[in-house]
Amino acid sequence: MTKKLLEINNLVVKFGGVTALNEVNLHVNEGEIAALIGPNGAGKTTVFNIVTGYYTPASGDVLVDGKSVLGLRPYKIARAGLGRTFQNIRLFGDMTALENVATAADSLNQSGLIGSLFGVPRSRRDEKKSMETAMELLTFIGLDHRAHQMAKNLPYGDQRRLEIARALALNPKVLLLDEPAAGFNPQEKVELGNLIRKIKDRGFAVLLIEHDMSLVMKISDRISVLDFGQKIAEGKPEEIQSNQRVIDAYLGVAEDAS
Amino acid sequence: MAKFNARDRFGDWWDKSNPAQRTIFRIVVIGFFYALPLLNNPVIDTPETSFKSVLFYPLIMFSLMAVGLNVVVGKSGILDLGYVAFFAIGAYTHAVMSAHTSLNFWEILPFAMGFAMLAGVILGLPALRLRGDYLAIITLGFGEIVRIIAVNTSAIGGAAGITGIPGPTSIFGFEFTVMDPRPYYWLTLTILCLVIWGVLRLTHRKPGRAWEAIREDEDVAEFMGVATLKYKLWAFIIGGAVGGIAGAIYASQIRSIQPELFTLNLSIMILACVVFGGMGNIWGVILGAVLLGYIPEKLRFLSDYRIIFFGLLMVVMMNIRPNGLMPRKKREKIGEKTS
């Protein structure tokens, strides 16, 4: 049986009187690209905000590699193995591309501030390692030539990819991508699809939120569909495409005239 | 038209220079500042106050405090309106401990630093859970609380403060007397150099990246594995330590302190140095501190009107350069695409 790297069990999330997620079960297996789709406001980003520790759910559990991360501070969850990107790009604008990635890589070492101040050997080693990891990831993502440019000055597409590199620097068990293709033209979407496959080949499991169906259908191993906070379907891309409930959720159901 | 950019010119030169050239450059610059009180230059001299005492207070004191506050405000993006509290704690530590113990200034200095750091933790632990305006209000309150406690505690002199504070004992042949502010200037300059060295070390490494990430987007920093509370607390502790040292030196030089020396005005002044010079850029911040300390003294011939001119100058400058005189800006290098 394949290992579940991310498991979401019976998740219930309420904002005031609104139930944003109701008894949602999701999981991401080792080495797969899982997709989470659904109409706007279905609760997809809320899932990301829950698993990364930004909100606390009313009930339910989140397990990363078999261990519950519920109630942990977001930085601890990040270190436990969840790296994420954001729907609206949220880079550290006034830092260089390299520093953006290195900041995330830093959290994998235990070097403290005193060590950095006096330049103890361990701190020097960790510093070097962070920089090497960051540069290697920038090369992987194809942004090594922009390493010393400010993140805010990068073109839009590069900013999106830089976010992915930054999340990968956490060496996550599962990479959470929140609409990575938003604003991309068809050619860029194809390139992004290839990149996500390359990320999978490097051994990262991916959970993808995306609105572009052709991209989702092409690269996903498994798709879950959310609608109004409920999971309405789950299965292989072909199964989802022909699922009547999914079609209804996206296109709406004709009201009965009677 | 190619715009002349002194910063880029200097940066290019610095990148190309070899270690020997850099060392010479450093020695010349630092040497110039050590020699400053020995020069009698009518251009930079202040007409109505002794330039030597202006050098100590406000110039070098403001610079030291501004460098400390810059770690908090400029690097980590935490608006601290009560920085004067750390300065006061350092000053009172020296005043009280030298009266009640047999320790001399040099032995008290670590305590002044330590108590200010402790104050940073005490303030920071509850306060840093808040952000933005709310945090600013708490720091503002903290600054006032420290001053009001000093006013109302008779054991440390109440509103009258403490007089007869001893100066530092002589060291390396330097005598610290009431009449001559120069040794105090040299002492503070030495500490400033050490602080700059330490802050630059930190800002170029992991802690600096963590602080900048927090400044740019605290939530995202946390999502990227940065222990934000820990690093914000460290920023407070380091800022506090620098403020505490500055306070102890200040108390040892002026020999008597009153709570009224540590008002909100001074917090605002140091914050103005940071903003005016260029938040997050240590050199800009020092330039800001030097100018904001120097200009009112230079304008003293205008008597009280100088404050109006000073305010006007700040308004004009902040309009021309809203990001400060020397804004933080990393030099961007555009590389060749390899893949």
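Note that Cβ sites are derived from N, Cα and C of the backbone, with glycine treated the same way.
Residues or ranges marked as transmembrane segment by TrEMBL: B:24-43, B:55-74, B:81-102, B:108-128, B:135-163, B:183-200, B:233-254, B:266-295, B:307-324.
If one looks beyond the transmembrane segment (B:135-163) by at least 6 residues along the same chain, the residues whose Cβ comes under 8 Å of a Cβ in the stretch are 78-85, 88-89, 92, 95-96, 99, 119, 123, 126-128, 255-264, 267. Scored by C-beta pairs under 8 angstroms, the transmembrane segment (B:307-324) has its highest count with B:266-295, from the stretches B:55-74, B:81-102, B:233-254, B:266-295. Distant neighbours of the transmembrane segment (B:266-295): 46, 54, 58-59, 61-63, 65-67, 69-70, 73-75, 80-85, 87, 140, 143, 196, 199-200, 203, 212, 215, 310, 313-314, 317-318, 323-329; these residues of the same chain sit at least 6 beyond its ends, with a Cβ under 8 Å from one of its Cβ atoms.
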